[in-house]
Structure formats: structure tokens, C-alpha cells
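Take a look at the structure set out below.
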């Protein structure tokens, strides 16, 4: 087992995505109107996107490709021929008996196929020019062109002229532009519609992106607040088991990954569904047989997508685990940088970082491999489908079952159809990242919080503390405290002494309910502390530790901890009582002096004075000092001892100390050894007993005395 394995999170079991999605969608409820509006805009955007290839089809079929063909009836199938004559009477232009020009743009696809199959239609296409629909001025210009090329025009009824697609090439471009002015006008109109749709689509896309990003940022804000507020209410035991870097990852990287799902996948996924459904409807209307051929590739794509989803989910879970481990190790190393440098462990630490970083790199490369295989496979399938469309669609164009514009639009729709499929890799990337992150976030949010705002509050608290047969263990049956019983009267000063690891700090932690004890009772003024409101309990107890934590900000905010109920006057008075004002007044900015992270610019003694000031400013009924005077110089200790007299006056106090010289004047001394109270009494009483306290005392003042601490 590696030394840093505790930094790595446990692998999660199988969690169904729809359960996670259901929980994630709860965050959308508050902004459901914005998401609904974005969805509606997305629907319109999809419709606009689908319309563009169809406009291209219209432009090719109606404006670019000549639409007339020669039609000759043979009399072999009179019933069929007569039905065609009746159905398309106004679009048939006779040249001679049973020989016509017909406008194929007006003929149904089924009839075109039948006419082509029965040999009635010519292979060549013709451009029709109707002089009756032109102004006199334009008519003269067109007639001049016709007279210029007398051999290539076919006339019908004096007003309608036809020219074959082959002969069109023989006409000069300027003349051809005039002849096809009507087609060019229609083409210009369709292009105007095309660009109008593009502009409209731009504004719709802008609105959709803005709404989604705004909603996503609000959801991310709400989620971060929920995570941080939840962290504030978790028991201390939770933080003992979870590295800081891992928790930072939950509130930052993981929330950002979930935000990507909301903004990129949620509504965009709906757009893909709209697009795919709309494209299939249009493709079926254009040519059902070709569409069915195209869809033959769907089962293969579905299978590949399913396999990819499973592989991607596993890969993303592993990446998230390794990222959390890397962040946790980095945060821990930065926090302990002084120790690393003091013991010249930079090289060892760097090697450990490289190993953890390599684990993250390998997890990311495995994830990359999954996506590197998926995308090219989809590309190959898509290219194969397009090749099939060109082959089959091209043959249908030749047999008049499909127009050239229809084939062009069909290819565009096929490309549009595969675009969401190709992008599914990226969306799966985002979705699986969000799923993996949300699993971790909800795992954190599901941690049981401490109960706040419930329970009793004691009016006029006196400060009497009673431990009655208390047993406690951090792990099952590994007892840290064993049958501990003692009483501290209101205003009494009680010291806890003993060997390191004996259980002194555990007693304090239980009184503050940082941990829950397994057996016995702890009473405060006769009330079980488990029946008290936790916030009330802790507000009545001031705790000064050996290592004082200072937050980034200024002196004032570190004393009052941003509690607005503590006035400046009360703050200044507390600083004077603890002698902290002596060094604060010398600082540039005084009480507004900047405090950097952890208060690294202050000495140990200065930080301790600020801790005493902080405790006094909150005016607790019970004061606990946990090695509060250790590791400081004599001058600062003198200041602290002076402040302690004022601080402890009228308060119940518990003092943990290894330096027995600091507890001589305690009203009562409890000697804690291996989880039990082995002795109790005043300093002189315990010395006269010549028991465990006596040996501790001799060890400090006679360093070479024989130790009996492990008896």
C-alpha cells in the first residue's frame, strides 16, 4: 500500500445515470422559464437549419437545371397516356400530334418515374422561354437573341421557345443572362431568403447561448453555495478522513464539469433530437427508399455508441478519481512546504508528485484512446453512408426518381444527420464528466450533517461541566477514553495533564461535540449536551489552540471573524485586556493591517495573543486552552500570563498543558493516562501522593530521572 493511498477516493459502485440526472435537473427548476425559452428558441433554430438545404434544392431544381423535357406518346398504353394528358394539361405544350414539351417541375415524382420507365421522356432537358410573360421591351431583346441563334431554338405557337441544355452552352453569357433573367430573379430571391434565415439563426443562437450560459452560471453559483454551506455543517470527523484538495475539487472542478452539462448538453441535446427527427421527416418525404438505405447504418452506430458510453463512463470516473488525488497531494504539499524544505524532502516529494501525476496522465490517455477510436469509426460509417447515397441517389437522378437538387439536399441532410452523431463524442465527453463529477458531489452532499438549530438553550448558563462514565473511540472498540468521570464547578480552573496521546484533547473534542461519544453522559449545568442546540453549546465555549489559524484579511476581521455583533469598541477592549494592542498599535494600518494566508508574517506569540483576543471578544462562559502557551518566548509568555488572569476571571476553564509550571495555581488537576483519569487534586496534593503526577513533575524538572510513564 502506497503512503498516499488515503488521498485517493474509493471507486463508486454502479449508479444509474437517470438517477443522477433526476437530481441534477432539480437545480433547473428555479430557472425552468429560462430553460423553456432556450428550448423553444432551439426548436426554431433547428427548423431554420433544416430549411437551408431545402432552399438549396429549390434553387437548383427551379432556377439552375432546365425543367422541360420532350414527351412522345406512342399509343401503346392509351389509359396511362390519357391520364397524363388530363392531369398535366396546362403544362403540356404540343409541337405535333402526340409530341409535347412538358414542364417536369410540375410533374409528380411517381409519374416522372413511370414516364421515364415506359420510354416516353427524352433524356435531354430544355429551357423554356415564354414571350407572353415578358414586357414589350424585354420581348424585343429576347427575340433579337433568338434571331441571333436561329438554329438552336425550337418554337411553339409563336410565344414559347425551347432550347436544349446542350445548345445553351453555345449562347454567350450576356445573352444567356438576359434569357434566364426570370431564373436569376428567382435565384436572387431564394438567396435573400437563405441569408435572412442565416441572420435570424445567428440571433436565435445568440439568445440560446446567452440564456444557457446565464442559467448555467446561476446553477453553478447555487451548487457551490450548497456545497460550501454543507461543508460548514459537516462533523470534524469527516475532515479527518478527506484531504483538503479533494474537497476543493468538489467545489470547483466538479461543479464546472456539471455546468458544462447544463450549458452544452442539456438543451443542445434537445436541438440534436429536433434536428434528427426533422431531417428524417424531410428525407422520407423526398425519397423513402433512399432514406431506408441510409438508415441501414443506424444499428451499427447505435451499438458503437452504446459501447462507447460504457467505456467513456469508466474512463471518466477514473480520471476524476486521479484528479482529486493529484489535487489533494498538491494541496497537502503546499500546506506542508516548510517541513518539506526543512527536512530537504523536495526530491522525494517531487518523485511522489510525478508518480501521482503519471497515474492521472495514464487515466487521461485511456480516456483519450476511447474517444480516439470512437470518432474515426463514426467518420467511416458516415462516409460509407454518403457513398451509398451518391451511388443510389445518382442512379435515381438518372431515372428521374430524384432531382439533382433533391440529391444535393439529401447529401446535405445526411451530413447534418451525422453531425450530431459525430458530436456525440464531445457531448458524451461532457456528459460523462458531469456524471462522474455529480456522483462525487452528491456523495459529499449525502454526508450526514450536524444538527443545528435543534435542542435546548440554557438561560443564564453557569458553566458546570460533568463527565459521567464516558467511553469514546474513533474506531470501533479502540477506546481512546475509558470510563472517564469528573466534575468542574462554575468558575473553576481545571488543568488536564498527561502523556501525549493520553486522551486530553479527546475530552475537549467531546465537550464541543466535534465527535460523539459511545457510552456515558456529559452534562452542562445538569443538561446532557446531546440535548442542547449545537450552535448554542459552541457559542458558550471559547477554544484557544497551540496553533492559531489566521484567515486572509485584516486584524479586525480575524478577531471578530466577521461577526457584526462585535463592535469596534468591544474588540479594542478585548485587545487591551489581552495585551495584544501593544503589537497591533505598532503595525502599519493597526487594526486594518493586512493578514496574509495563515498569518505567516506574525510570530507564534503574536498569533497566540490574537487568539486570546478573539476568545475574549466572543465572551464565552467556558474557556478551553489547549497548549495555548507552548512554544513562545518568555516575554510573550509574561504578557499572555497577565492576559490569562483577566481572561479566566469568572469563567469555567479547562487548561491542557505539558508544562506543569503553568498549571500550579489550578483549582484542580486531572491526570489523564491511556484514556483514564488516574489522579485528581491540587498541585500540592498530587505531589504529596508521589504518584503519576509526581513522576511527570520530576521528569520536567529533573530531566535525567527514570521515567515510569509506561507503567
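Counting starts with 1 at the first residue shown.
A Cβ is built for glycine as well, from the same backbone N, Cα and C atoms used for every other residue.
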If I go by TrEMBL, the feature transmembrane segment sits on one of 165-188, 261-284, 333-356, 405-428. Which?
261-284
From 104-127, 128-151, 368-391, 440-463, which range did TrEMBL mark with transmembrane segment?
368-391
Between 60-82, 290-312, which stretch does TrEMBL give the note transmembrane segment?
290-312
Which range of 5-27, 189-211 is transmembrane segment, per TrEMBL:
189-211
If I go by TrEMBL, the feature transmembrane segment sits on one of 33-52, 313-332. Which?
33-52
Most CB pairs under 8 Å with the transmembrane segment (33-52): which of 261-284, 290-312, 368-391?
261-284
Mean of the pLDDT scores, which run from 0 to 100, over the domain 'ABC transporter' (465-699):
83
